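Taken straight from Swiss-Prot:
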BINDING   Tyr161, Asn338  N-formimidoyl-L-glutamate binding site
BINDING   Tyr161, His194, Glu265  4-imidazolone-5-propanoate binding site
BINDING   His262, Asp336  Fe(3+) binding site
BINDING   His262, Asp336  Zn(2+) binding site
Amino acid sequence: MKNLIIRHARQVVLVCKNGERILKGEALKNIAILEGSVNRGISVVADEFGKIECIGYDDDVEPQYNQCSFASEIDATGMCVLPGLIDGHTHPVWVGDRVHEFAMKLAGASYMDVHKAGGGINFTVEHVHKATEDELYEPLKQRLNRMLQCGTTLVEAKSGYGLNTENEMKMLKVIERAKKELPIEISSTFCGAHAIPRGSTAKQAADNIINEQIPTLVKAIKAGELDVENIDVFCEKGVFEVEETRVILQAGKDAGLAINFHGDELHPIKGAELGAELGARAISHLEEISEEGIKAMSKSSVIGVLLPTTAYILRLKPPPARAMIDAGVAIALGTDFNPNAYCLSMPLTMHLACCILRMSMTEALAGATINAAASLGRADTHGSLEVGKFADMVVINAERWEHLIYQIGGHDDIIQHVVKHGKVVFSKR
């Protein structure tokens with residue numbers, strides 16, 4: 001028995017059709033789309049292993065499968081099918097309400113003003129330290145399920161509110177539990193260098209991460225207790241500056257983790273250049289990236305993960321997406337979901353990318369699919385609808401795919417089904 005057949009779709013957005021593992025430059029202008037019509041729809045078949053087995057017009061596909069049974073069937077008449085969305089940057093494990101900080105920001109407080117006043121990351125760290133694993137897991141579960149309903153089928157999830165070995169491991173264990181119990185797929189990131197713990201210096205914090213936290217993490221990975229793929233550092237003036245960032249990231253890389261870090265968010269401190277030098281897989285934020293940083297990224301394979309929600313809520317200068325795209329940098333997108341930017345929706349993030357970062361809709365969709373997959377090292381299996389890739393899909397009740405971005409906050413209404421590995425994991429009632 002096959003897992004699924006989708007029939008009669010008006011449009012199927014493949015994104016890629018020739019096995020591309022990244023889209024940048026001119027390739028972003030013409031993403032692959034299979035167009036149907038009122039009289040000739042499109043079918044997608046997912047095999048028993050959760051992978052795409054066939055995509056084609058109904059009249060070509062039906063004869064091949066008329067003797068087949070399917071665990072699920074979707075009538076997508078008048079609808080569009082897109083790849084499952086991929087969120088390239090989130091901080092979803094936390095407790096402690098920070099809604100009061102929103103009023104501070106609206107009154108003119110900067111990110112660092114809030115941080116210095118005892119809010120921000122340190123506020124959340126205090127609450128995470130007091131919480132049990134169960135107390136962290138329940139809100140994480142709710143958030144991830146809401147992301148799934150917004151069309152996200154793969155999400156990057158960071159630790160980073162522990163800032164010591166015990167609590168960073170606690171957060172990573174909670175993420176590991178979510179991987180096993182929830183349908184959404186997760187790429188785990190160790191972010192012990194998210195802030196400098198109170199009473200510590202940057203050097204002391206870096207030494208602790210390198211000599212205690214990373215070895216403990218490696219031991220847990222080797223024991224099969226954790227599956228962590230990436231290492232992150234908040235590379236920022238007054239937090240972990242370039243030299244501390246360098247040694248932490250190198251230690252993580254030496255331990256087998258992919259480099260995927262915060263860079264050049266608030267100040268231009270050459271984070272992009274550092275990432276290119278170290279062979280980073282991805283660098284996030286980049287609001288203050290320099291021209292030299294753009295050049296360095298364009299010459300390397302490092303992906304820029306842009307977070308329009310951050311510029312929006314903090315009223316920051318947005319990252320120079322157009323200059324980066326024009327220079328040949330591959331751009332992915334993320335919600336940056338965290339207590340400072342409470343956004344769970346990749347459709348809204350794509351909308352903001354278009355309006356604030358001046359990206360086109362095809363650029364935004366590539367950033368939320370194939371390029372986001374590449375930022376997590378999964379472009380071989382995720383991020384486009386091609387035979388042999390995982391059948392992760394979003395079915396929307398619209399005849400054109402652009403409605404997923406165009407309708408501001410409209411994803412709750414138009415997302416009809418979310419499919420993960422060929423299984424329907426969400427359907428609108």
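Here the Cβ of each residue, glycine as well, is placed from N, Cα and C on the backbone.
In sequence order, His91, Val93, Trp94, Ile121, Thr124, Val125, Val128, Asn167, Met171, His194 make up the list of same-chain residues 6 or more apart from Tyr161 (N-formimidoyl-L-glutamate binding site) whose Cβ falls under 8 Å from its Cβ. Around the Cβ of Glu265 (4-imidazolone-5-propanoate binding site), the number of neighbouring Cβ atoms within 10 Å comes to 26.
In this structure, His262 (Fe(3+) binding site) is part of a beta strand by DSSP. Residues Tyr161, His194, Glu265 are recorded as binding 4-imidazolone-5-propanoate; their most distant pair of Cα atoms lies 19 Å apart. Non-local neighbourhood of Asn338 (N-formimidoyl-L-glutamate binding site): Thr90, His91, Pro92, Trp94, each in the same chain, at least six residues away, with C-beta under 8 Å from its C-beta.
Taking the C-alpha positions, the distance from Asp336 (Fe(3+) binding site) to Glu265 (4-imidazolone-5-propanoate binding site) comes to 12 Å. Summary: among the binding-site residues (His194, His262), the fewest other C-beta atoms within 10 A of the C-beta are counted at His194. Taking the Cβ of Asp336 (Fe(3+) binding site) as centre and 10 Å as the limit, one finds 27 other Cβ atoms among all the protein chains shown.
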